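What TrEMBL lists as disulfide bond is Cys30-Cys48, Cys64-Cys76, Cys71-Cys89, Cys83-Cys98, Cys149-Cys161, Cys156-Cys174, Cys168-Cys183. Annotation source TrEMBL lists domain 'EGF-like calcium-binding' at 184-223, 224-263. Feature annotation from TrEMBL assigns domain 'EGF-like' to 187-223, 227-263. What TrEMBL records for 353-394, 395-438, 439-483 is repeat 'LDL-receptor class B'. Annotation comment: TrEMBL describes 1-21 as signal peptide. Residues or ranges marked as transmembrane segment by TrEMBL: 590-611.
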Amino acid sequence: MGYLSRILLLTQLLTLHHIWGEQTCPGFLCKDGGCVAQSVLCDNTPDCRDGSDELEDTCGLRHCKKDEFACSSSRCVSLRFRCDGTDDCGDGSDEASCQNCTADFFLCERTGSCVARAKLCDGRPDCPDGQDEGSGTCPSGQHPAPHTCSISEFSCGDGQCMPHSWRCDHSPDCADARDEDDCDQDECLVNNGGCSHLCVDQPMGFLCDCPAGMRLVHDSQCEEIDMCLDSDVCNQLCVHVNGTFSCDCHEGYLMSPRTGECKAKGDVAQLVLSSSEGVRRVNTAGMEYREMAAHLLGPGPMAALTANRTVYWARPGQGSIYRISMDGKPLEPVLLLKGHGAVLGLAVDWIHELLYWTNADTHSIDVARLDVSAQRLLIGGLAMPTGVAVEPLLGFLFWAEGGSSPRIERAGLDGEGRLPLITSAIWNPVAISLDMPRQLLYWVDSGMRTISRVGFDGQHRKTVVESNGYLDRPFGLAVFEGHVYWSEQDTHSICSADKHNGSLFRVILPNIASPGGLVLIHPVLQPKGPAVCGNNGGVCLYECVPDLFSGTSSPSFTCIPPKGSSGDDDDDDVVSHTLPGPALSDTTSAGLLSLIVVLIVLLAGVVLWWWREECRPSRTLDLQDFSLKESQDPLIQAPARGMEVCPVKDTLLKLDLDHY
């Protein structure tokens, strides 16, 4: 009886939950109890976590939109991707049975597939039946361009390519059997084949090789490898000693003994994201998914101030910027700036307490105090500014531009000293993020469908993640520990991958309605340190206060000593510092300055004492001077004298002679 009672009670609770959900959900009630807007119902994108808003019993027979193509995999892609020579469906169905290809592509009649015209008559068939290399396609007299085999292939006498593994396998594969010629010679027997270290005999020829810790140069010589020059050999710090290396981590991180990855000390980082369902947060392990501000709807850019766990968000299309506390009860957003155009990027300078944002309408980067007591345009005349990031400890401001001349640039915090970092092989950078421990900038390019990186100095560029079906329409980007995180709107997901090579890809959060900007919250991402005041390389030992309305073309930065100090000597407040090396710590710099001042005072005292001793006149020779010093009466005047000269000190012998 007790068992049946529990079943009846559970049934009643589920019924009440369903009835309550129907009464409180103004839109569509998902089968798992969630609630989504009616406008996203049956839009070929699952918005309910269980996908019930797209089920056949809800929507009936599925249809793509009029401007979309229905893939065989039930995915919908834009019609403009149809027959463009690129597999956008993932199953090739958008490139099959094409009646017409675009002007830049050739139609293979047998299969209906499209081939780039640049590949016509190049000596290698791209259509399954070789139509792109046939006489009906290539003009009379036009011969296929000479084709060279790849490094993994062997060239036969007739130009045909065979895999190297077929060479000298005692089975002729070339028409002239060239692949079985000269198979019994060992060139390594003579002078080691000319190799400086290792010679490896091959079925055809030989190869020079090097032992571990060395690399091959000029095809035959080996040289020692500085492993630290390979920027990915360590997660953060690398020390090269005597042909080997060791890895280490920055302060605030611990090295994992299992993976060698530098893991941040303390709690798990929190990932905050915006979407059409509001601002939400989740830890980087993909657990503890929580809502922060449900009524802040839209995939807008985000930034954060870790010290007080505050998040900044810009409403898409309106340009209004809000502040949200992660610990507030309730989580009520505060409107900071209203109506500032199309804000596409946000960044927080946690040292100087400044907020930077890009404005696509005014083609500028603007800056304001976090308390919005002052604001101003910082850099103007930009084409299409998108992402923005700041590194206040080094005094760097970074931003990305789209438009007709896409690029990534760097400047000082005051907007001066602009330096282009990326100007080529870039299409539409939509977001940027910084890996501060390694001084690397990451960006996601929606046009090239890649995530790439470059050093703060513009060197060591590398593509990390290439198009994998989750980079068709990226929005937000963040880097933390050994991973890169991004939001993707076509697949409605939050993804992550290894920040070095794009491996270990996974979807952290699926079924996110229009995911937008994202930001990671952890103390190590905003370390404390001395402020770099402006672009002059000065490191402030006290508080560096920016003046946004200094009357100049860019903000000025003033180093303010603490209350109670004299502040008479401004030179003592700033230590000369060359970027981007590490700044002196406050305690070290203050200690050095104090020691120097004490030594100068002591030296001055010694010099003054010596001068007085050497230049003090004899009391027996100048009684009036003595009398004046004793009385200190200004009315007693000494007789006029010529230029005072320090007398030679009399000795006892000299006095005795005068006496006689």
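Positions of Cβ are set from backbone N, Cα and C atoms, glycine also.
Annotated features taken from TrEMBL, shown on the structure.
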residue	record	contacts (Cβ under 8 Å, 6+ apart)
Cys83	disulfide bond	Asp94, Glu95, Cys98, Asn100, Cys101, Thr102, Phe105, Cys114
Cys149	disulfide bond	Ser155, Cys161
Cys156	disulfide bond	Met162, Asp173, Cys174, Ala175, Asp176, Arg178, Asp179
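Sequence-distant neighbours of the repeat 'LDL-receptor class B' (439-483) (same chain, 6+ residues past either end, Cβ-Cβ under 8 Å): 88, 90, 231, 235, 253, 259, 261-264, 269, 271, 273-274, 284, 299, 301-302, 387, 389, 391, 394, 396, 398, 400, 408, 410, 419-422, 425-433, 489-491, 493, 495-502, 504-505, 507, 515-520, 522, 525, 580. Residue pair Cys30 (disulfide bond) / Cys64 (disulfide bond) shows a Cα separation of 21 Å. If you measure from the Cα atom of Cys71 (disulfide bond) to that of Cys183 (disulfide bond), you get 51 Å.
Of the listed disulfide-bonded residues Cys48, Cys76, the Cβ environment within 10 Å is emptiest of other Cβ atoms at Cys76. Candidate disulfide-bonded residues: Cys48, Cys89, Cys168, Cys183. Nearest to Cys64 (disulfide bond) by Cα distance: Cys89. Break the domain 'EGF-like' (187-223) down by DSSP state and the numbers are 7 helix, 15 strand, 15 coil.
Here is what falls inside 10 Å of the CA of Cys89 (disulfide bond) among the disulfide-bonded residues Cys48, Cys76, Cys168, Cys183: Cys76. Here the disulfide-bonded residues are Cys89, Cys161; the one with the fewest Cβ atoms within 10 Å of its Cβ is Cys161.
If you measure from the Cα atom of Cys183 (disulfide bond) to that of Cys76 (disulfide bond), you get 55 Å.
Classification of Cys30 (disulfide bond) by DSSP places it in coil, neither helical nor stranded. Recorded residues Cys168 (disulfide bond) and Cys48 (disulfide bond) have their alpha carbons 60 Å apart, per Cα-Cα distance. Predicted-model confidence for the domain 'EGF-like calcium-binding' (224-263) is 83, expressed as mean pLDDT. When the Cα atoms are compared, Cys48 (disulfide bond) and Cys76 (disulfide bond) turn out to be 18 Å apart.
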